[in-house]
Amino acid sequence: MDSSTATATTAPFIDHTDHVNLKIDNDSSESRRMGNYKPSIWNYDFLQSLAIHHNIVEEKHLKLAEKLKGQVMSMFGAPMEPLAKLELVDVVQRLGLNHQFETEIKEALFSVYKDGSNGWWFGHLHATSLRFRLLRQCGLFIPQDVFKTFQSKTDEFDMKLCDNIKGLLSLYEASFLGWKGENILDEAKAFATKYLKNAWENISQKWLAKRVKHALALPLHWRVPRIEARWFIEAYEQEENMNPTLLKLAKLDFNMVQSIHQKEIGELARWWVTTGLDKLAFARNNLLQSYMWSCAIASDPKFKLARETIVEIGSVLTVVDDAYDVYGSMDELDHYTYSVERWSCVEIDKLPNTLKLIFMSMFNKTNEVGLRVQHERGYNGIPTFIKAWVEQCKAYQKEARWYHGGHTPPLEEYSLNGLVSIGFPLLLITGYIAIAENEAALDKVHPLPDLLHYSSLLSRLINDMGTSPDEMARGDNLKSIHCYMNETGASEEVAREHIKGIIEENWKILNQCCFDQSQFQEPFITFNLNSVRGSHFFYEFGDGFGVTDSWTKVDMKSVLIDPIPLGEE
């Protein structure tokens, strides 16, 4: 978006100095709890304007991008050593260009996989680690035993490796692709983490020090690819072996995809303000956060249907969540859940106006999305949506009963319900409905398969680690940390370490699920991984979803609003 366009529209952020919460429910004198969420910092006039005033990519840039794409294809086709091929794939993926070169990447990785008999990587820590990570990442199994050559007879990693920072960093990143029970990778992670932490401040190469610091904050396997691409484009520009063709194409492609996303944001913002849900004082008004999450899950332009429907269902879901958490009485919530189970508006007149509005928004939007899927995909997804909504609201209902009854469940009971109440089974099923092969394939998501189970459980636990203090202050349902404290008598610090350990172990299980879930193909496997990565983005350092004026706004603005400067042609 150029400066004239930005001036003609409004600023992306809004000043809430004079903000007054609007209350829809004037027919009830009953005292209601409030979520105490601050109003959205995002200016909805600005967001709606993106439908027209999005970042238009100039024709000369489109032509240049096609030319550069051809040059990169030639790179893939040129003879090169296996390590060079892996490094090309790694850079292309981290720059966010993998959607442009899916075939070339698969062919390159499969050729490296087939070329494994001569052990060309043997004794080379960086090559062994990069090969392991990239091949496992794309579903080609490599055993952990490839790292035995770097261990002593006592199974400890060789201290000589500490001087090989690039190799240590590659080992560190590879270790997060481990499965449960892979002890060599556990040792690799501990070893690499310890010595990278000790060394990074003294690394002479600035680009390498920057990479190490970034990785220690959060490993690549746990990062949102689209956000990582924005960061890596800037970091890559400073690297000593930077390829200018790849860098230029990455900048152009990033802006081209961002333009598509901006247009979608504008159209979705127009829909959102017509629902009236943005005026509810007790609920989060988080359309752009919902879009960021859908973009985390499925940023590729070809997943427009999945992306938009995840935002629509997710935005309504957030308000339904807040209604169960802080607004409705137990009797009202029981009646709401009953109406969802029947999928009927017949008896919602018994509900207060606000809950009627929420129910009708949920009901109508779900049916609209079902109609769109029928039109664009040719099958009926509404029965699958209804099943997911019923399970969602029953999970909310159970949490509300715990709260109103003053009950603190054991951690296991909480977790089994919480992996549904977090909302990701519903959101991922929404994404799956948008990409399924046919209507019969929709049966695969009921009952919940392991892939969805573990990705949703991870999102629940990561969410709890970030939001528990805020939600406890509001008097909401207890979270996993507090369930464990109540069950065992542990301190909060000990409980947090325990939940952190569960998160790490469940990541290993999810990694293995990506190989074992043969009934699902790409891209749904990646959708699940990306949903957890989105949770790390929003909750790793607190509540970056509910608290809109947080560290996340900087990344959201750089990914969704601000194009990358292209400099001189």
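Glycine residues also receive a Cβ, built from the backbone N, Cα and C atoms like all the rest.
Fair warning: this is a prediction, and the values are worked out from it, not measured in the lab.
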(2E)-geranyl diphosphate binding, same site as ASP321, ASP325, ARG460, ASN463 - Swiss-Prot member from ARG270, ARG284, ARG372: ARG284
For ARG284 ((2E)-geranyl diphosphate binding site), the number of other Cβ atoms found within 10 Å of its own Cβ: 24
Inter-residue C-alpha distance, ASP325 ((2E)-geranyl diphosphate binding site) and THR467 (Mg(2+) 3 binding site) (nearest angstrom): 14
Residues of the motif 'DDXXD motif' (321-325) by DSSP state, where helix covers H, G and I: 5 helix, 0 strand, 0 coil
Winner by Cβ contact number (other Cβ atoms within 10 Å) across the binding-site residues ASN463, THR467: ASN463
Distance, THR467 (Mg(2+) 3 binding site) to ASP321 ((2E)-geranyl diphosphate binding site) (CA atoms, angstrom): 14
For the binding-site residues ASP321, ASP325, the one whose C-beta sees the most other C-beta atoms within 10 angstroms: ASP325
Spatial separation of THR467 (Mg(2+) 3 binding site) from ARG284 ((2E)-geranyl diphosphate binding site) - C-alpha basis, Å: 14
